[in-house]
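Peer 1: What follows is a structure written as structure tokens; I'll ask about it next.
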Amino acid sequence: MATAPKEAENAIGLEEIHTERQEPPKGQKTFTVEEAVETIGFGKFHIALFLIMGSTGVAEAMEIMLIAVVSPFIRCEWQLQDWQVALVTTMVFFGYMVFSIVLGLLADRYGRWKILLLSFLWAAYFSLLTSFAPSYIWFVFLRAMVGGGVSGHAQGLIIKTEFLPTKYRGYMLPLSQVFWLAGSLLIIGLASVVNPTIGWRWLIRIASIPGILLILVFKFIPESARYNVSTGNEAAALATLQRIAKMNGATMPEGVLREPAKERRGRFKDLVHPKYLRTTLQIWIIWLGIAFAYYGVILASAELLERDLVCGPAAAPVQDSGDGSEESHSPCHCRLFGPAAYQTMIISTAGEIALNPLNILGINFLGRRLSLCITMGCTALFFLLLNICTSSAGMTGFLFMLRALVSANFNTIYIYTAEVYPTTMRALGMGTSGSLCRVGAMVAPFISQVLMSASFIGALCLFSSVCVVCAISALTLPIETKGRALQVCI
């Protein structure tokens, strides 16, 4: 198809513009990247891809969860009020929000791999600088920069999505949650040992190590073939597909790789194209609500453990027998975690993998929309159950189930968002969704760490109400992506 004149290009707007390309000789077979990925199938390359790109979740989880285990110590060191502690988390997600859109746009224009590498270098650099922060203001600023770098880690998920055959996406992508869980458990375990001994600054330095190590192995993963072919670089895409076929011991499809290249990629107005407008708006609502609930659970857990609010705000504080230091007994600023608190955090965090098998079955058999609706509805219910006056074991059980449910929510929406948008705007779609997601994450600290102290039931009802809205939005999404091939263009 010949390229339209320049005047027509300006008038068409959102219509697809194809670059001029040579047609193969008449009768010669051709194939697309989608057909090649399906023909090559699953093999050694995808296992390596899963391990390397999945491990980005370890680094991301350690950097994000770090605030939960460091908050009591910076509160003590700099004599912070509740709102100041909450502001730290909010600014981390503010940095994430701003950079998420920018990096998503750049990834659609310059490649997923380059942006992923840049984001890891950025996050590692500012994370190390954070450990030398001389004051609260510097700490907040540097953690915001770390949040900006971490936002680019989503490109790892996009690369995995674009290389996986259709029937494996619903199984392999949810399993990536194992890496997030590993990072969360690792940072909590390290905190229980490092914080009481050599201090929180060394904890931050140690937490940056996985991200630095991952940078060294990124060279083994190529740029997305779908991205290359969308830019007209068919030679690079073909070389990548041939390499994957060789690693997997599979054969390539017969014929020549041919697919329309796109002149315009990653435009924000494509997200509100009539075909995707409703989907985009509902996805944004769901991302915002899921992040609000997810980080609300994490921070609420920390507050419950820090203040020992087992039976709500009226309960008398119970001192953790595992820590007899004066600081942990101070009523003003220093309420440090003891061994029992870290143990409870580990148990509740382990819940993130508890529903993974059921989540995988739901995604693949019920579909993305219905599965997300069910888990969001259950999340709303368990938020309300937190108000029941119960024992420490009961509270741990409720937190365990909440972590399992909010994790399942994230699994499903990540997969759905990566599948519903075409290649030319997939990274931007993930980036803008991730940005809206951080708006919810920015608000969560003030509900979990400020409002919860004033009105426990009020905070829980707010979390529950948001989850109900998300459940309805999930059920009414206009497109179901279960079993659907990844789209190349609008």
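Cβ atoms are placed via backbone N, Cα and C, with glycine included.
OK, TrEMBL features for this one:
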| type | residues | note |
| --- | --- | --- |
| COMPBIAS | 15-26 | compositional bias 'Basic and acidic residues' |
| DOMAIN | 49-482 | domain 'Major facilitator superfamily (MFS) profile' |
| REGION | 1-28 | region 'Disordered' |
| TRANSMEM | 47-74 | transmembrane segment |
| TRANSMEM | 86-107 | transmembrane segment |
| TRANSMEM | 119-141 | transmembrane segment |
| TRANSMEM | 178-195 | transmembrane segment |
| TRANSMEM | 281-300 | transmembrane segment |
| TRANSMEM | 454-477 | transmembrane segment |
Peer 1: If contact means at least 3 Cβ pairs within less than 8 Å, sequence distance 6 or more, would you call the transmembrane segment (119-141) and the transmembrane segment (47-74) in contact?
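Peer 2: By the criterion, they touch.
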Peer 1: Do at least three C-beta pairs under 8 angstroms join the transmembrane segment (47-74) to the transmembrane segment (454-477), pairs 6 or more apart in sequence?
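Peer 2: By the criterion, they do not touch.
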Peer 1: Under an 8 Å Cβ to Cβ limit, what residues of the same chain, 6 or more beyond the ends of the transmembrane segment (454-477), are close to it?
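Peer 2: Long-range Cβ neighbours of the transmembrane segment (454-477): 279, 282-283, 285-286, 289-290, 292-293, 296, 300, 309, 312-313, 368-370, 372-374, 376-377, 379-381, 383-384, 386-387, 409, 416, 440, 447-448.
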